[in-house]
Amino acid sequence: MACVCKAHVGKPAPEFQATAVVDGAFKEVKLSDYKGKYVVLFFYPLDFTFVCPTEIVAFSDRAAEFHKLNCEVLGVSVDSQFTHLAWINTPRKEGGLGPLNIPLLADVTRKLSSDYGVLKEDEGIAYRGLFVIDGKGVLRQVTINDLPVGRSVDEALRLVQAFQYTDEHGEVCPAGWTPGSDTIKPNVDDSKEYFSKHN
């Protein structure tokens, strides 16, 4: 079966419904539940592995920073909700997750991984995909890492802040932009103000 990616930047993000572990309980979660909020949707290969807990714990520990931006963070793997719960119930010192501040979604059918173009078909697991979806449900950013390298929570947070800034102000954010930094007015004459200051 060939993977047909339905996730395209600038287009509506593929809708999904999945069982998640939320605050230690099972709950059905849909993308549409988060309408009006930004969503950082990140895929990881498998529970009870090595890089994955470092990413999940890092996102969970900083969930409040995303919430301040009206943004939810959702983790997804091809494991079942039962495996997610077992991993959450395993102490961090033993390679577990411990209590989390973010939901973990179960993608046992691999439909979500396939729709978002991160399914590694020969192994039946997901690559490390990260998707930023805006409050209108439009996919704004995609990053997909190969399996051995984790992602940066700082960069995910910066991307949400940058897209929210451009949405609100109509200006564009240069490379490495952080809140409070200069932005660029997106027309030939006004952009010279930025370039004359920074070159």
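Using the three backbone atoms N, Cα and C, a Cβ is placed for every residue, glycine included.
The active site, cysteine sulfenic acid (-SOH) intermediate annotation in Swiss-Prot covers Cys52. In this structure, Cys52 (active site, cysteine sulfenic acid (-SOH) intermediate) is part of a helix by DSSP. In sequence order, Tyr44, Pro45, Leu46, Ser77 are the residues near Cys52 (active site, cysteine sulfenic acid (-SOH) intermediate), counting only same-chain partners six or more apart with C-beta under 8 A.
Under the heading domain 'Thioredoxin', Swiss-Prot lists 7-165, citing sequence analysis as support.
The phosphoserine annotation in Swiss-Prot covers Ser113, and the record cites similarity to another entry as its basis. Using a 10 Å radius centred on the Cβ of Ser113 (phosphoserine) and all shown protein chains, the other Cβ atoms total 24. DSSP assigns Ser113 (phosphoserine) to a helix in the three-state reduction.
DSSP classifies Thr183 (phosphothreonine) as coil under the three-state reduction. Residues or ranges marked as phosphothreonine by Swiss-Prot: Thr183.
A helical conformation is recorded for Lys197 (N6-acetyllysine) in the three-state DSSP classification. Every protein chain shown contributes to the tally, and the Cβ of Lys197 (N6-acetyllysine) ends up with 8 other Cβ atoms within 10 Å. According to Swiss-Prot, the feature N6-acetyllysine maps to Lys197.
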Next item on the list: Measure the Cβ-based neighbour count of Thr183 (phosphothreonine), defined as the other Cβ atoms within 10 Å of its Cβ.
Entry: 16
Notebook entry, point to check: What average pLDDT is reported by the model for the domain 'Thioredoxin' (7-165)?
Noted result: 96
Checklist line | Integer Cα-Cα distance in angstrom, Thr183 (phosphothreonine) to Ser113 (phosphoserine) | finding: 35
Next item on the list: Fill in the CA-CA distance, Ser113 (phosphoserine) to Lys197 (N6-acetyllysine), as an integer in Å.
Entry: 44
